[in-house]
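Novice: Pulled from TrEMBL, these are the listed features:
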- Gly401, Ala402, Thr403, Gly404, Ser405, Gly406, Lys407, Ser408: ATP binding site (BINDING)
- 384-574: domain 'FtsK' (DOMAIN)
- 20-39: transmembrane segment (TRANSMEM)
- 51-75: transmembrane segment (TRANSMEM)
- 87-103: transmembrane segment (TRANSMEM)
- 124-140: transmembrane segment (TRANSMEM)
- 146-164: transmembrane segment (TRANSMEM)
Amino acid sequence: MAKKKGGKTKRLKEQFNKEIVGVIIITFGIISLLSSLNLEMGIIGSIIRNTIFTLMGFGGYFFPVAMIAVGIVFILDRFDKMENKKSIIILILFISFLILLDGKNDISETLIVRIKLTSTLSKFNKGGGVIGGFFGYFFYKLFGKIGGYIILSCITCISIIMLFEIKVKDLFKRIQIKRFKKGKKNERNDRKNKVLKHKDIPSIEKDISILDYTNLHNNVENKFTIDESKSSIVSVEKPEIKSENVDYNIPPITMLKSPGNKQDGGDKKEVLNNARIIEETMQNFGIDATISQINKGPTITCYELSPAPGIKLSKIVSLSDNIALSLASSDIRIEAPIPGKAAVGIEVPNIIKDNVYLKEILLSDEYKNIDSTVPLALGKNVTGKPVISSIDKMPHLLIAGATGSGKSVCINTIIMSIIYKSSPADVKLLLIDPKVVELSIYNEIPHLLIPVVTDAKKASLALNGMVQEMERRYKMFAENSTRDIHSYNKKAVNHNLEKLSTIVIVIDELADLMMVAAQEVEDYICRLAQMARAAGIYLIVATQRPSVDVITGTIKANIPSRISFAVSSQVDSRTILDMSGAEKLLGKGDMLFYPSFYSKPERIQGAFISDAEVENVVNFLKENNVSSYNEDFIEDIDNKNELDFIDSDELLPDAIKLVVEEGQASISFLQRKLRIGYARAARIVDEMEQMNIIGGYEGSKPRKVLIDEEDLEDIKIL
């Protein structure tokens, strides 16, 4: 305890002594500083001044400052081993400075003469003083003046490195980074100056062509040429029917809703401001590109960006999120490049979106002039031009999209575009609607081949019937030496043969069919897709579940034309289109149309038709036309749906009742309940699977029972 107190007292005493020494040194430094400035400091001050300048010459001005710094260090008690080393380094630096000041003197003089000369110069506060002259004499004798300057420079650099603990490698890195930052700053300033010049829109020397779908061919003031497209609806008239059936009463076009006044989805200044922002964003990322044209559509505006030579398109595509951030917008889609143009399309949603109504598409010249009995009135593209296609060119179509994206409305517009173009004698529709409520409204219209099929089991039988109809038609073609339905119908006119109508099969929800009889449905669809085109049978398959277990690889391979509405993920987009992009769509009819004869998908705003309009048209068709179903086809389906037990096992009816009542089906279950062997039970299970009473084999999972007790009444022999 006593030792601790003694040690503490000793440390306090040492610190006290250092503070006294520090005060004395600071006082001496202040007196020396004032004396060196020729202030009245008395005899002592004069002696100190003469001594300092005699010993150090011009360096005497720096000595008082060094003394004050040393005194402060003493007071702060900062002297340790490291500080002692640094003090020696500072002393070496100071002596080197004095030797450098002495370098002006002649090196040929002797040491005594040199010291006398330096003392004389020190009276005028010049040279390095006696200390500089003494060390300089030996130094310059050994190395000469030039060599001495080099050695002094080396000593100075080493002393500074040791004093401040600087690494030469880090020093060069800092210099390089500083120069890089300075260059970047200059580059940003240059860009800023360019942007400031660019912000003055009227000063742009080039013309930007803005194609506004609402106002084509009207010139607008200033330098920007605004071309507008035809959007006004022509006078009300009935569409031309490509049919020889004069008994068909086409619904009047007035039943469809007319488009109202088109709202301006963004004025000219806003569109040009967005173009400026896009160009600035490109410049900020070092991409030299300019907006060459702007296409303003119903829901999106496409900015055509022309990059400079040598710019990689992948760099522009990767900036999609940055452009969206700059524009404060979402769902930016980039098309790189635009087919047929040396430009990249940047599609930005309009703030105010216009609806595209089916009526304006049906009254367009494109729809009137199309040479097809099965046209598809889809909507308008980004330039506001109506998009009309034909199912016989595709020849089959797959439609997919999330719930509420516009898939059902698209199917309605397709059916309506066929109804308004072709008579029942030319086109027949087979509508399959497992969801029951979507297409049932079309029952009893004259175009239907059979009533709308809502039962999933009957749907597979209907598809099987279409396969048989296809085979029947091919036999007729072979007998009459024709290759397809068009050449056959031409020959039928002159030879009194049966004229064949085009059949369009519309399946509204493929997923529901795949759940009931996946293998059979997939086989029938693929068979029709592969061979039915020449027979005049076309498929339109729709689903809201774009997964690989519904849209299988076999179905995709045989249905090359696709329409994708908005989906939730890039995976779903790739499932439908084999490419991303559908996840960027806006919904409400915004689609990507990708037929087999397109190199890239085309973005379209789908035409809209309300349920009330559909109901009005259907009611008109029912009241003014006679529906005629194909009774033979209906009878074939019903007969196939009835179970034929002529060659079946006698225990099959009992097995069906047992399976339906118990709600389970397996070979071992029938063995126990019916007391039969394995082989007989397996045959009964296979027969029930063929009749769509139970599901297929699913490994360790039990087979699904597909009918209930109410369905047993339809099986007449039970």
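Including glycine, each Cβ sits where the backbone N, Cα and C put it.
Owing to the predicted nature of the structure, the values given are computational and were not obtained by experimental measurement.
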Novice: Same chain only, please: residues at least 6 beyond the ends of the transmembrane segment (87-103) with a C-beta under 8 Å from a C-beta of the stretch. Say none if there are none.
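Specialist: Residues 56-59, 62, 66, 70, 118, 126-129, 131-133, 135-136, 139-140, 145, 148-149, 152, 155-156, 159-160, 162-163 contact the transmembrane segment (87-103) from elsewhere in the chain.
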Novice: Using the structure shown, find which entry in Thr403, Ser405, Ser408 (the binding-site residues) has the sparsest Cβ neighbourhood within 10 Å.
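Specialist: Ranked by other Cβ atoms within 10 Å, the binding-site residues Thr403, Ser405, Ser408 bottom out at Thr403.
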Novice: Enumerate the residues of the same chain, Gly401, Ala402, Thr403, Gly404, Ser405, Gly406, Lys407, Ser408 excluded, that satisfy the criterion Cβ within 8 A of the mean position of the Cβ atoms of the recorded ATP site; list them in sequence order.
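Specialist: Filtered neighbour residues, in order: Gln544, Phe565, Ala566, Gly587.
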Novice: Work out the three-state DSSP category of Ser408 (ATP binding site).
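Specialist: Its secondary structure by DSSP: helix.
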Novice: Counting across all protein chains present, how many other Cβ atoms fall within 10 Å of the Cβ of Ala402 (ATP binding site)?
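Specialist: Its Cβ has 20 other Cβ atoms within 10 Å.
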Novice: Within the domain 'FtsK' (384-574), what mean pLDDT does the predicted structure show?
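Specialist: So the average pLDDT across the domain 'FtsK' (384-574) works out to 89.
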Novice: Tell me, how many other CB atoms lie within 10 A of the CB of Gly404 (ATP binding site), whichever protein chain they belong to?
Specialist: 12
